[in-house]
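Database features, via TrEMBL:
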type    : residues                       : note
BINDING : His207, His268, His339, His554 : Fe cation binding site
Amino acid sequence: MLLRLRILTAKAMSKPTQNSVYKVSANKKRPSASGLEFIGPLVCSVEETPDPISTVIKGEIPSWITGSFLRNGPGRFEFGESKFNHWFDGMALMHRFHIKDGQATYSSCFLRSDSYVQNAEKNRIVVSEFGTLATPDPCKNIFARFFSRFQIPKATDNAGVSFVKYKGDFYVSTEINFMRRIDPVSLETKEKVDWSEYIAINAATAHPHYDRDGATYNLGNSYGRNGFFYHILRVPPGNGKNDVADLSGAEILCSIPASDPRKPSYYHSFVMSENYIVFIEQPIKLDPLKFMLYRVAGKSFHKVMSWNPELETIFHVADRHTGQLIKTKYYSSAMFTLHQINAYEDNGYLIMDMCCGDDGTVIGDFTMENLQASGEELDKFFNSLCTNLPRRYVLPLDIMEDEPNDHNLINLPYTTATAVKTVTGVFLSHEDLYNDDLLQYGGLEFPQINYTYYNARPYRYFYACGFGHVFGDSLLKMDLEGKKLKVWRHAGLFPSEPVFVPAPDAKDEDDGVVMSVVITPREKKSSFLLVLDAKTFTELGRAEVPVDIPYGTHGLFNEMS
């Protein structure tokens, strides 16, 4: 996802500009675009394909790949005459490419969420989503319709962001309190799971982390008379042989009070290393009062968020094993992040790599109107978006009380990131993890690594989508030794988030393949699963599918099915 550019400066009181260690580098801008290709077909409703169909193999898919590439994302954007206003609002459509012996089949199913079922039964939108407010029942009289504005809206369970795993079971998830357990073979919708039945939270992210023992970690929140809290969660390992959804044993490891309980921060993911979890409290704020006022005024909810560049970004660090918060306040100038790349520890430092931008207003901008624009309007929308780029922040973990202020605490030879002790904490300045050649591909997002073997460990490579368009239009491999790029890019083709699958006899970090679903607005029923050699970043093969697939969000590879 791309973010609108804004050059930010440090606050004079806490970050004196006369000292060079307080440097704040501006986010660089990609070249302006003109004559962008129309992408309306990428966000159109499609039919599901519940029974697996054969694909046409071009090239060669390695015979050692056995499993299913699962993906999630919006796939239906209207019911009857009522249409969703925002891309996030589309009904969740689950996809499965099953690969065995060099062949592949494809299937897809709409998530039978309560929202989907109720909308389908009424043939109109009856459950409000992020950017779409459900209209009152036209059969009600005028007084009933008026007073319905004052009712608390029915919570959606449209889990259309990603596939996640808890205790070995598969779920689809988004940024709400509800998940759905899923059969990863048939894509059948199973039980609805409410996090609050297990622990006292109101929501959890769609981007958990997994440790090597099989436990799952996530980030949630709660709001009550004592204020707003962010919670670090842990779900213990399981064997994946449950007949019903099971989150028993889930616990809150750590609770972090919001710096402003009246306006908590939006978050999409979090950072985890071998021994620490970091929650990034960024200056994109939610306004609960505005939420209620918008409901009365009949407006959708995506405008309850505001970008506040005058505020700091705060990094809250907790011990992953004890849940104890580190007392040191780590902070930086305002920045916005959706997805982290990786994090690891080295000689008393915590290294955090993530995709960042300098404007957090982007989430509300991905309306259907903007995505279905053409000509100058599409160019204008794209050029208003910020270039999202990879950064490295380094946190010194062991800080002596007598450490003097105003000098760099980092002495690692391989980074230019700085951390400066101040009277209020430790101010962080990042290192750019790219060379200028990345700008011609529009920056990057949807980062992925060799997660199985290198998550929370020192690593060299990551993979991502390049954003020379509103949606990703290239696949990138970044080599952090020299910040060198390898690129797969073809005009008119829009690849999804790349997913790395390690080879069974892998000796190097990049021994394996990268998978991505590629779609095009130029021709109907011409989608395909792309398989790249991760080391050379050249195409090995593709599995062509005779159906339309809309642009999606996240996925994973399931080696078991």
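Positions of Cβ are set from backbone N, Cα and C atoms, glycine also.
Keep in mind that TrEMBL annotations are predicted by a computer and have not been checked by a curator.
A Cβ within 8 Å of the Cβ centre of His207, His268, His339, His554, the residues given for Fe cation, is found for these other residues of the same chain: Val161, Ser162, Thr205, Ala206, Ser269, Leu338. A 10 Å cutoff on Cβ-Cβ distances gives His207 (Fe cation binding site) a total of 20 other Cβ atoms nearby, all chains included.
Using a 10 Å Cβ-Cβ cutoff, His554 (Fe cation binding site) registers 22 neighbours.
His268 (Fe cation binding site) has a Cβ environment of 20 other Cβ atoms inside 10 Å. Around His339 (Fe cation binding site), the same-chain residues at least 6 positions away in sequence with a Cβ under 8 Å from its Cβ are His207, His268, Ser269, Met354, Cys355, Glu445, Phe446, Pro447.
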